Amino acid sequence: MEDKISEFLNVPFESLQGVTYPVLRKLYKKIAKFERSEEEVTKLNVLVDEIKSQYYSRISKLKQLLDESSEQKNTAKEELNGLKDQLNEERSRYRREIDALKKQLHVSHEAMREVNDEKRVKEEYDIWQSRDQGNDSLNDDLNKENKLLRRKLMEMENILQRCKSNAISLQLKYDTSVQEKELMLQSKKLIEEKLSSFSKKTLTEEVTKSSHVENLEEKLYQMQSNYESVFTYNKFLLNQNKQLSQSVEEKVLEMKNLKDTASVEKAEFSKEMTLQKNMNDLLRSQLTSLEKDCSLRAIEKNDDNSCRNPEHTDVIDELIDTKLRLEKSKNECQRLQNIVMDCTKEEEATMTTSAVSPTVGKLFSDIKVLKRQLIKERNQKFQLQNQLEDFILELEHKTPELISFKERTKSLEHELKRSTELLETVSLTKRKQEREITSLRQKINGCEANIHSLVKQRLDLARQVKLLLLNTSAIQETASPLSQDELISLRKILESSNIVNENDSQAIITERLVEFSNVNELQEKNVELLNCIRILADKLENYEGKQDKTLQKVENQTIKEAKDAIIELENINAKMETRINILLRERDSYKLLASTEENKANTNSVTSMEAAREKKIRELEAELSSTKVENSAIIQNLRKELLIYKKSQCKKKTTLEDFENFKGLAKEKERMLEEAIDHLKAELEKQKSWVPSYIHVEKERASTELSQSRIKIKSLEYEISKLKKETASFIPTKESLTRDFEQCCKEKKELQMRLKESEISHNENKMDFSSKEGQYKAKIKELENNLERLRSDLQSKIQEIESIRSCKDSQLKWAQNTIDDTEMKMKSLLTELSNKETTIEKLSSEIENLDKELRKTKFQYKFLDQNSDASTLEPTLRKELEQIQVQLKDANSQIQAYEEIISSNENALIELKNELAKTKENYDAKIELEKKEKWAREEDLSRLRGELGEIRALQPKLKEGALHFVQQSEKLRNEVERIQKMIEKIEKMSTIVQLCKKKEMSQYQSTMKENKDLSELVIRLEKDAADCQAELTKTKSSLYSAQDLLDKHERKWMEEKADYERELISNIEQTESLRVENSVLIEKVDDTAANNGDKDHLKLVSLFSNLRHERNSLETKLTTCKRELAFVKQKNDSLEKTINDLQRTQTLSEKEYQCSAVIIDEFKDITKEVTQVNILKENNAILQKSLKNVTEKNREIYKQLNDRQEEISRLQRDLIQTKEQVSINSNKILVYESEMEQCKQRYQDLSQQQKDAQKKDIEKLTNEISDLKGKLSSAENANADLENKFNRLKKQAHEKLDASKKQQAALTNELNELKAIKDKLEQDLHFENAKVIDLDTKLKAHELQSEDVSRDHEKDTYRTLMEEIESLKKELQIFKTANSSSDAFEKLKVNMEKEKDRIIDERTKEFEKKLQETLNKSTSSEAEYSKDIETLKKEWLKEYEDETLRRIKEAEENLKKRIRLPSEERIQKIISKRKEELEEEFRKKLKENAGSLTFLDNKGSGEDAEEELWNSPSKGNSERPSAVAGFINQKNLKPQEQLKNVKNDVSFNDSQSMVTNKENNIVDSSAAGNKAIPTFSFGKPFFSSNTSSLQSFQNPFTASQSNINTNAPLRTLNIQPEVAVKAAINFSNVTDLTNNSTDGAKITEIGSTSKRPIESGTSSDPDTKKVKESPANDQASNE
């Protein structure tokens, strides 16, 4: 056992000596299980191979069937073609015959015509004769001539009769030919029907085959899908395998590194080992008598040393784990990159393959798509250009901001660089410290390992010393170290080992590996074994790698070949298509040429040209057809090749799938085995880890007990030294103790006796079980033999049944053939009858013709009687009459004969038809009966199949029974193991008995309990045996029922056989009666033929002779059939005899075995399921093999059981010997205790010395560890500080970057919104301008036409304009709602709208009042004032731009100087100063230009007013909606005034409010900016068409995100708008000027800082820039 374990684990034999026996036993079990699993794997592989072979055989059979069906189809087609050719030939032959007959008829008709001409001549002659009655002389001549003519007439009549007879004969021939033709047609119809039936059959066969093929294809597709799924699963497994292999490689590398480090450490500490060897020598000399104390102290020191692990191991482990994770992540990244590369390569390959064969249509579609894409790309390019231009403009405006951002980023980069440098320095220091720590830890670990190894060596030495002492003491006391019993047992073992039959290889292995003289030799052999195993493993891996490579190469080659073939086929196809297209184009071009040339050519040359063209077309068509034929042939060939290729590919795929499935199974098995090995290893490690702890615990317990005993001994010695007088009192106590000990020994012996009794009972149970198992096996073998015998009987019966069936089939075929022949004869008779009827009709027609001719002749004779003498005519006429009467009589007699024949034939036909009908009915009834019987038999077959399935279902039960036996054997093994454990426990009990009675009693109770468990197990086994017997009885009952069914089916079959025989006898009787009737009919026909000797009768006679011949042939056939029947009956009798014999044998076999009658039920199913029988045979063979294997296993198990029993007996002997030795040792202990006292003092001295040395070393190590800990803690603290600093810097940098990103995002969003608003406003402007232009044109036309138009028209126009105004108002409201951003803005809007409505109402009223006054006044000074306004506006704008630029620069400088918190008072002062300055400037400019600004409301002045309104730099954003509304009203009022032909001066002074915005710090100074304008204007949209001011536009009620401080608290907006709009009308001179002033609002932030005051909606005052000195902004900048 130990040898096997050491061989399996590749471990030296000595290392297993320290392991306990139960552990070894478990290991041995696991190894046995592993070997069994390997055997099962091999069996499974064999089964898989067998299944594969069966599958391939089935596929080959299916292919053969397909090939046979295709061959049958081809043969049927060939037969069809042959029959068609024969038909065509017969048709042509009959046509020729018909043509010949037609020619003969034509000749006969011409002869008839000649006869008629002669008759006419005769008639004319008679007429001439009647005319020349007076000429007697001539009469004589005429008489002579008449006689001559009569003779000629007679001759001609004879000729006519001959012609008629010829014609009749020809007609008969014709009729016969027609009949033959009809027969041929009928035969043709029959053949066609057969062909149609055959074609139907072929169609059905094709349908079935196609369905079968479809099913096969579906299966193929399923298999392909399964293959794909398996392939994907294999890929997944391969990837996992790769990952695992990588991890394994990494682990191997780590192991190698560890081994290298270990070797280095060994080399380093080899010197120290040499130093400590001296110490070991001293210990060996001193520790001869102190082995127990040494072992205890060594264990204690080992424990102390094991507790001295450093605290830094956790940190190092974490670092190692992180490194491993890093490596794993890198490997995963590389793997993913490789996968991505592979996928891209595959996609490129697919793209290249798909882009190989583009067609012309695809190219055209691609060109169209590319054109569209080009157009889209151009549009996108233009859009991008426009966007780029806009972006460049925006960049020009935002250059200062970008510069500031760059500076900030540079500063941040500098800070980041500093922080990274700091980090690098910190990381370098950290790495250095880590390296130092790792080196120190390695040193500490090395020291600990050395200490541990030294301790182990010390322990080993102590044990060796102990063994030496024991051996020396044994040698001193006795001559040999072993007892005689031990020597005898050793000899037995050696003899038994020699008895085993070994192979040559095994003998060599035992010689080289098992037998050894020294431990060194054993170690050397183990090393050799390891090297051999590693070499073999490397060879195996290399072989597997080569196999994988070769397989991959083969697969790649096949795939490449398939791809090349497909590409070639596609190229050929494409070439053919191009050729066809070229030919089609040529044909079309020729047709077009023909059509064009036909129109141009002349009428004479048209025909010739057409002919030439037609020839060309025909030639081209012929070429086309030939090319098509060639192409079709090529295509067919290619298709065939493709099909062949596909088939081969399918075959390859199937083989590949099978291989891959097998591969997958093998891999799964490998994985399972690996898992099992890992599990075993884990269990081994657990057990190994458990063993030292267990040993340690036992040693501690023993040490404690020893220490206690020592203490007691000391105390006793002390008491003995003090109290020698009390020894007498202790003597009785000693005697009592001895008595107790004797009692314990007796109890022990009793227990041993009971154990032996239990073992004997157990052995008896085993023997019973083995005998029962042997009986069962014998029964199984007998059953198998019966099965084989019955199968052979079955096969013989099947053959007999097949022969009977073949006979029956031949009889049925013969009956069908006879029926077909009779039917054919009936048809031929019917055709003959029809022919005869036609001949009778012809004869009747001829008789009628003759009657007519007789009448004519009578008439002629009467006429002649009148003219000629009666004497001359009477004799001739009488002769003729007599001849005619004779002919008539003959004709009548013939007719009567024919009628009699027809009647007799009709009667015979009717009788035959009746008989045929009866026979058909009988046959139909029989067929129906047979069908019913067939259905019944099929049902019986299905039932029998079900029973067969049940029997087959019983087979796995038998297998389960066998498995159950195996399980029981395993249970027995487990029980044996338990018994061994029991024995071990009993040994422990024997040792504990010496110490304490109580322990012995408890162990005795536990053994009793375990004995109870054994008895329970025995009871369970008996129950299992009873269950098996019950199952056997069940199977027997099922077999009995199956046998009864077989008997029933046999009875049915006998009854059916009797019915068939009766039917055969009745059929034979019917055929004999028919034969008698046929003979009677033939005799009748012969009588009629004797009476009538015509040609027709001769034909009939020939027909009947043919029929007789056929009758004779049929009779001969009948006789042969009877002979065959007799032969079949004999066979049947022999079969019945054999069946009776078989039944007798069956009854005997039933009596003997009663289990093998079920299989006889398969005698009907074998014709259809021969293949299944073969499969069953194979399965049975496999089962027999498995049974044999199981029996062999059982035998092996029994052998092992016997071995174990022998081992148990040997162990029991050993137990007895050990007990004896224990008793000897107990005596020796007393001697050793006295020696112990002497050794104690020496040992204590040595231990003190060692302790002192070890204490010094320990103190040094502890000091070093504390120093290292201090360093580590300081380094960790420094690391933590640096990490905190770095995290802070990171956070600051990230916050700043996030803030800048948010600002940029906000700016971009605002820009996009403003652009959208700008686009909308521009669209509205264009729309309104278009409306204005339309209105102007309408007004001009109206001025020319409607000077004398009344005011009613003006009112209508006014209404329409008012409606338009209302619509525009609604649009304004929509626009306002869209631009509404906050609640404050909405309130402002509401106020503005109310004020706007009020102003509009007031102005409309004023306008209506002043309209009448201003109608008669003219508009003279328009141009002058417009020019002055434009020049003033431009100058003022330039000045304002210069001032704003200067102030922006000043504001930037002030901002650079002052970035700290400004107060609110300072902001208010700045706002008030700015307001005052703007108001003063506005007043000055108004005063300067007050005298010159008096002009009328026209287009130019309106536009100037608009521009001034919108170009005013200090106008607030909140006022703009009202300005827009005013502008729209103004535009709508202009055409009203022009309609009324206003020629007076109208002037309006617009005083618009100034609104200050608290957010943007914009001072509204529109009143200062606006000059006194004589027109009524409310302003312009947000931006003019010239400027793009939306780029810098900001909503005044939304805080700009460039200076938002997220940390600072939000301030409230105190908006106090005060709007005051005043209007004044000046007629000639402006006298009153209004100044609008607005209160300023508190502003917290400024939005954008653009350079142009026109483009921006905010003020560009430098004082306002100082608002950036807010505390919130300052805090943000500092952060």
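Note that Cβ sites are derived from N, Cα and C of the backbone, with glycine treated the same way.
Remember, it's a predicted structure, so these values are computed and weren't measured experimentally.
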Query - From 60-76, 417-433, 1233-1249, the residue range that Swiss-Prot assigns the feature motif 'Bipartite nuclear localization signal 1' - result: 417-433
Report summary line: Among 639-655, 826-842, 1183-1199, Swiss-Prot lists motif 'Bipartite nuclear localization signal 2' at 639-655
Report task. Could you break down the residues of the motif 'Bipartite nuclear localization signal 1' (417-433) into DSSP helix, strand and coil, giving a count for each? Result -> 17 helix, 0 strand, 0 coil
Query raised in the report: If you run through the motif 'Bipartite nuclear localization signal 3' (1433-1449) with DSSP, how many residues end up as helix, strand and coil?
Result: 17 helix, 0 strand, 0 coil
Requested in this report: Let me know the model's mean pLDDT on the coiled coil (233-466).
Outcome: 69
Report summary line: The DSSP breakdown of the motif 'Bipartite nuclear localization signal 2' (639-655) into helix, strand and coil residues is 17 helix, 0 strand, 0 coil
